[in-house]
Amino acid sequence: MSSKREDFLLPKAFKPEHYRIHLTDIDTKNNTFQGHVTIQAKTIESKNVISLNIRDLEISKAIVTFADKKVLNLESQSYNDVTETVSLKFAEEISTDFCLDIEYKGHIQTNMSSFYRSDYKDSITGENKCTLSTQFEATEARRCFPCFDEPDLKATFQVVITASPDYTVLANMPLLNVVEEKGFKTHTFHTSPLMSTYLVAWALGYYDFIEAETEKAIYPTLDDYSTQDGSSKTKGKLPIRIYTAKGKSQYGKFALSVAKQIVDYFSELFEIPYPLPKLDLLCVEAYSHNAMENFSLITFRPSALLLNTENEADAELGSEAAQKVAYVVCHEIAHQWFGNLVTMKWWDELWLNEGFATWVGYHAISRLFPHWDVDSKVMIESHEVALGLDSLKESHAVKMHVNDPKEIEQAFDTISYLKGCSVLEMISGYFGEEVFLRGVALYLKRNKFGNATMEDLFTAIGEIAKVDFLPKVNPWILEVGYPVLTVKEEEGKVVIDQKRFLTATASDKNRDTASSNWWVPLLTSSKNEFSKQYEISEPSTSLELDPSSIFINTNGYGFYRVKYESAKLLKNIFENISNLSSRSKMSLISDICNTDSVSNFFNLLKSLSSVIDTKEVYVWQMIFSYILTIRTLIYQEAPAETIENFDRFALNLIESQIDSALEYIQNPASVLQNKYDSADVLRTQFYEAVLLFAGHLSHKKVIAVATSLYTAKKIDASNRAFVLQTILSQPNAPLNIFEELVSKLDTLALDELENTLTAIATVTNPILYKPCLDLLLNIEPMNVQFLTTSWAKNPCLHKPLLDFVLENHSELFKRLIINPVIIGRFVAFSFQYFSSIESLNTLKLFFSDKDVSTYDNSLRPTLEKIEYNAKYVSSNLKEISDYFK
């Protein structure tokens with residue numbers, strides 16, 4: 001099989017300049033359509049064969065027309081199913097610019113990719129409906145129209161759709177005209193500016209919409225709009241619409257408010273006004289991703305765009321659902337500049353799109369909602385996750401080697417998004433956010449409507465920072481992993497050694513941990529006051545620092561771990577723990593848990609419990625996550641007494657907060673005096689996290705209140721997760737409550753559905769295992785991830801889950817393999833906290849004869865994690881048991 005990138009790239013003989021795509025005969029009964037694409041192309045080299053990307057399309061006719069009206073008819077065509085290319089052979093060589101017309105037949109997909117259907121129940125009439133929309137990233141455009149499907153082959157696009165008059169039809173650009181003929185409407189849209197094929201989009205559905213405009217009137221209009229540079233004769237306010245299935249548009253008010261503010265903010269930040277004359281945000285009923293950044297027609301899954309409230313003020317509280325909507329909207333709108341306006345040259349630099357959009361998405365919601373403590377949120381959702389995955393041998397460099405389409409799909413992973421984000425955060429934190437963003441703006445202006453590389457980005461940032469950036473940043477992007485800094489005290493100085501941090505696995509005792517030296521930016525602090533900046537790049541460095549009170553990696557901006565070898569240094573930090581910022585505490589928790597003894601980790605938790613600050617919700621979410629992870633890993637091997645002692649210790653950490661938390665959950669107004677006050681908002685989130693944690697560990701008072709709220713039917717968005725998870729996670733959880741919740745799954749709003757599935761998967765009552773696992777074969781595949789994230793930390797279900805997968809693998813994998821994102825998440829989420837060699841060997845044997853090519857980047861790290869988990873248990877179980885004696 002071909003493996004070189006060059007084998008998958010199209011010949012460079014011709015370059016597209018403009019596409020006109022016309023879809024007709026859209027048949028939702030047979031899931032087919034007819035297409036006619038016209039491609040205006042420039043000839044670079046004379047050839048008689050035109051190669052295009054294509055998959056699952058039947059070409060019936062192809063004609064080349066020249067400027068002088070001369071016509072060449074298709075002589076033959078051949079298809080390569082490995083490279084997904086069709087070769088169209090003509091009788092004569094093509095030596096001048098030309099127009100290629102292709103007529104073809106295509107298929108409407110049902111797997112949430114390419115041009116696909118979403119089936120749903122109308123919320124007003126109860127009728128079964130379907131809408132049609134596109135998801136072309138990364139290489140699915142070729143499944144809908146023959147094209148030059150590579151990101152650096154940008155062109156302009158005009159979309160024409162002939163469809164039933166009942167449909168509202170949308171595309172990247174505003175509507176030019178509609179013509180009705182023979183019972184159908186033909187919708188012709190304005191021509192787009194230059195963009196890559198994966199950003200082309202259209203949708204057909206039964207939609208409502210709400211709309212707003214930006215405050216600023218600096219945006220291009222259709223008045224003499226230029227498709228080459230996005231300029232227009234006159235400027236105006238940008239119209240923004242939220243489109244949804246009928247009856248749901250009112251739930252888009254919060255997203256619309258965020259969008260109108262953030263377009264103005266990004267236009268100022270990037271020093272380039274939004275480049276298209278409209279922006280639509282579309283809710284798609286069936287969606288494997290959170291969203292897709294199609295140029296000016298951004299598509300979202302419902303829970304990433306809609307809030308089940310019409311009151312924007314309620315969203316200001318920063319519920320998990322509201323924060324998700326705000327972040328995803330900001331992330332996708334950021335892509336309109338970083339990814340769409342300027343696009344990576346090839347998919348190996350996908351991180352340029354996703355890493356930056358992740359970083360600036362968090363940056364944006366921090367500016368819009370300062371009372372949410374987004375800076376700490378980044379630590380737990382991005383930084384910490386990336387550190388975990390990149391400590392594995394089976395990780396990969398941020399700039400990922402990708403060739404064929406299967407590899408490209410797997411590049412959309414934690415490393416591209418979250419390590420990319422974390423490296424950018426480290427650079428921004430060290431050199432300053434203002435300098436960093438001025439460099440980004442320079443990069444965008446230089447490469448507007450073009451393609452670029454990481455060298456272009458870091459050259460621009462370096463010019464503003466007056467630093468030669470590439471030598472510093474190359475190891476972070478081009479090599480796998482990151483360093484651990486070992487901090488020692490020698491003769492009144494602080495000595496810092498660096499080597500690669502790897503999670504030790506049983507089969508890797510002699511691994512090389514010093515494969516690279518990194519440029520390491522240090523921000524040191526003393527008593528929570530900034531001390532000094534340093535840059536180190538040698539294996540060992542001695543610094544003139546006061547070892548009595550120094551803290552390395554202030555605010556956790558550095559993407560590395562710190563191991564304090566000096567007991568004196570660590571003791572001083574513990575004694576002054578209250579002086580650390582929230583992010584510094586989180587950095588310390590993560591470092592101690594991953595580089596030090598489990599006893600020292602428990603000692604750190606004791607120190608933190610003595611200085612609880614209810615504003616530090618993310619500090620405690622991290623603590624709870626680590627505690628539950630350790631409990632999950634040891635659960636099957638530990639004596640019952642050890643688990644009882646472990647749970648008692650964990651609950652004692654937050655016992656002082658239980659009564660206040662219960663008072664809040666029963667009467668939120670007792671705490672929440674001001675929805676815009678950071679202390680009040682974070683305190684409510686802290687109490688919710690405390691109760692969720694205590695409920696999982698069977699705190700009697702907490703169970704009683706959760707049961708009371710459920711019985712009284714007093715469940716709302718603020719307490720749903722706590723109530724349902726607390727009740728269902730108990731060993732005696734009632735079957736009737738489980739069955740009641742399952743019976744309602746089809747009628748729940750999507751954010752409620754996700755919450756309910758997450759709760760259902762926490763069951764520990766054996767009579768609920770089978771009906772819980774059976775849901776894998778019954779719910780929509782796109783929602784399976786909400787079961788698996790809970791199963792991962794539910795050790796009671798690990799063996800039943802594995803047995804279920806083995807017994808039902810044919811039917812199960814047939815459902816999940818339809819989309820690489822869905823199957824990849826299932827594998828990565830379900831098994832990541834298994835902790836026995838027996839389960840590892842079973843999984844290895846199970847997958848040994850399967851085609852894992854679409855999800856091996858998820859499978860390999862997962863198997864390595866299980867190997868590490870097993871070693872963790874064998875190395876630490878005795879110490880854990882002894883600690884609690």
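Just so it is clear, glycine is given a Cβ too, placed from its N, Cα and C backbone atoms.
Residues or ranges marked as domain 'Aminopeptidase N-like N-terminal' by TrEMBL: 15-199.
As annotated by TrEMBL, domain 'Peptidase M1 membrane alanine aminopeptidase' applies to 254-468.
Annotation source TrEMBL lists Zn(2+) binding site at HIS331, HIS335, GLU354. The Cβ of HIS335 (Zn(2+) binding site) has 25 other Cβ atoms within 10 Å, all protein chains considered.
In sequence order, LEU281, ALA291, MET292, GLU293, ILE298, PHE300, ALA357 are the residues near GLU332 (active site, proton acceptor), counting only same-chain partners six or more apart with C-beta under 8 A. What TrEMBL records for GLU332 is active site, proton acceptor.
If you look up TrEMBL, you'll see TYR417 marked as site 'Transition state stabilizer'.
Residues or ranges marked as domain 'ERAP1-like C-terminal' in TrEMBL: 550-867.
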Cβ-centroid neighbourhood (8 Å) of the Zn(2+) site, HIS331, HIS335, GLU354 excluded: GLU293, GLU332, ALA334, PHE338, GLY339, ASN353, PHE356, ALA357, THR358, GLY361, TYR417
Local Cβ density at GLU354 (Zn(2+) binding site) - other Cβ atoms counted within 10 Å: 24
Nearest-integer angstrom distance between the alpha carbons (Cα) of HIS331 (Zn(2+) binding site) and TYR417 (site 'Transition state stabilizer'): 11
Neighbour count (Cβ, 10 Å) for TYR417 (site 'Transition state stabilizer'): 22
Integer Å distance between the CA atoms belonging to GLU354 (Zn(2+) binding site) and TYR417 (site 'Transition state stabilizer'): 5
